[in-house]
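Below is one structure, written out as structure tokens; the observations come after it.
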Amino acid sequence: MSDPDDRPTQVGSDAGDGDRPPTAFVPAHVTGFFTAEPANDPTKAGSTGAGLALSDGVTVRVEPATPGTYEVLLDREPMDIEAPKRVLQALRVDGARVYARSEVPLASGFGVSGALALGTALCANAVFDGELSENELVTVAHGAEVQAGTGLGDVVAQARGGVPVRLEPGAPAEGVMDGIPARSRVEYVTLGELSTAEVLSGDTEELTHAGERALSALVQEPTLPRFVRASRRFAREAGLLTDRVRDVVLDVSEADGSGAMAMLGETVFALGTGLSDAGHDPSVCRVHPTGAHLTLDGW
Ligand SMILES: Nc1ncnc2c1ncn2[C@@H]1O[C@H](COP(=O)(O)OP(=O)(O)O)[C@@H](O)[C@H]1O
Ligand SMILES: CC(C)(COP(=O)(O)O)[C@@H](O)C(=O)O
């Protein structure tokens, strides 16, 4: 787990021993395909679909700050990211600073905003002596992410880990999850950003139909190769494939590999050595076996 902040630690509260403040690790989550399922109640809103939780992810720490101020520093840069700020407000934290380190790029299909929301919920509950359960914190983070418009299913997937399949949308009390019982090395290459909020606020009917077809195919054969094939087809049918992503996905296929586009970003992911076999220079990680977790007092 990387340290979200290089400065000497200074969070002193009942939750920690003063030397080791609560720290959360949240796996990145690459969605292969999804449907958009809006609802007025943010616990019911969300998406169905499937993706990979990655061993690369986001490490988060939260500290008290001047009352009324909410600041998010991502890799030491102050960033205007709504979801974690909404989490702090929902938890009635009056002033906090979020320090985060990310191993994956923002706005490129890795669910960084969802990871910040979930990591902030886990840490803030510990630092400010909250008394919420894991499902309650996932619900707060999911609601914040949905209301910010920056994601629909990343938070519940990141809380689960592995290869989450979202059969029904929504927070833990509403959604239904399954998973593909398999693990793999994962390679990825990011070519550029895509705004999730822009896609989600547009017409999502076509992509939702494509997502429903992909989910039926995967449920019939819940394997990793089928997941990547369904994802490749989804990107094409949903009209989300960019030229640059298509070219790299084709390179992987031509080298007998299996790759697809990460939703929603200009990112290509591949199982095994798919991208390196095709001559690209990918980042390498693996499927993360578990979900987001908190480390308290170094344990
Ligand atoms: N420089 C930036 N580039 C992209 N997004 C940014 C930037 N600064 C802040 N943001 C915010 O970060 C969030 C990115 O969310 P999203 O596109 O869903 O990314 P991800 O796929 O990593 O979750 C949005 O709230 C956006 O407004
Ligand atoms: C695909 C997306 C709607 C957005 O993902 P990201 O751009 O990574 O925030 C995700 O939340 C999902 O529901 O599967």
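Placement of Cβ uses the backbone N, Cα and C atoms for every residue, glycine included.
As recorded in TrEMBL, the features of this protein are as follows:
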REGION    1-26  region 'Disordered'
DOMAIN    86-162  domain 'GHMP kinase N-terminal'
Problem set entry | Arithmetic mean of per-residue pLDDT over the domain 'GHMP kinase N-terminal' (86-162) | 97
Exercise. With DSSP, how much of the domain 'GHMP kinase N-terminal' (86-162) is helix, how much strand and how much coil, in residues?
Worked result: 43 helix, 7 strand, 27 coil
